[in-house]
Amino acid sequence: MLDLFSEEAPWQEPLAEGAVILRRRARDQADALLAEIYAIAAQNPFAHRITPGGHRMSVAMTNCGDLGWSSDSRGYQYTEQDNHSGHKWPPMPSLFRELAQQTAQEAGFSGFNPDACLINRYEPGAKLTLHQDKDEKDLRQPIVSVSLGLPAVFQFGGFERGDATQRVLLEHGDIVVWGGPSRLRYHGILPLKPGVHPQAGAFRYNLTFRRAH
Ligand code: MD6
Ligand code: FE
């Protein structure tokens, strides 16, 4: 919808071939997205997973959808239930699914149908070290990433961990869609700076939509 009174309508910012930032694209839905996140977390609480190397992750995670990503001493995997609570993951809200499908389409990826949504919650100091997302079966499918709450510095690198990285600030309502030739680029989040966001409080939330199976 065209909003003539908005100071800054969503705009697109290319990152690399197959990767684009849709700035502020989720801003108008942010309160509804946050309400869904809180409802999901009431059923399957955010938890700090342990990496296969034995480290406690500083980012707290939960999931919704048919499959959820998690980590434990056996490795990284997609599962149908939350190993912490023993419950299935809550269904993916239609608001989430439609936003992911629509924005994938806007970025040039038609027919995206996510079966997993990982929800990350960052508190001040929390970070995500450089990694590739490669646990999904079909790497031709893109990933859609929605940022809410406090801003964070996103590192977007190359295909080797040691490659140079671009740094971009991801703010409330920004969506990153990437796939194609960029699908296996290394990326991460630098330690979150303390702050209070008017809608999300002292946290940053990130939703990543994936086709896992
Ligand atoms: C984050 N995002 O923004 C972490 N992965 O908190 C990711 O790790 C990520 O944004 C794959 C695709 C898009 C992403
Ligand atoms: Fe990732």
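Using the three backbone atoms N, Cα and C, a Cβ is placed for every residue, glycine included.
Cross-referencing ASP133, ASP135, ASP138 with the substrate binding residues that TrEMBL gives (TRP69, TYR76, GLN77, TYR78, ARG161) picks out ASP135. Summary of the site annotation: TrEMBL records Fe cation binding at HIS131, ASP133. Screening the candidates HIS84, HIS87, HIS172, HIS187 against this entry identifies HIS187 as the one listed for that site. Binding residues for 2-oxoglutarate (ASN120, ARG121, TYR122, ARG204, TYR205, ASN206, LEU207, THR208, PHE209, ARG210) extend across at most 20 Å, taking the greatest CA-CA distance. A mean pLDDT of 98 is what the model gives for the domain 'Fe2OG dioxygenase' (113-213). On a Cα basis, TYR122 (2-oxoglutarate binding site) lies 19 Å away from TYR76 (substrate binding site).
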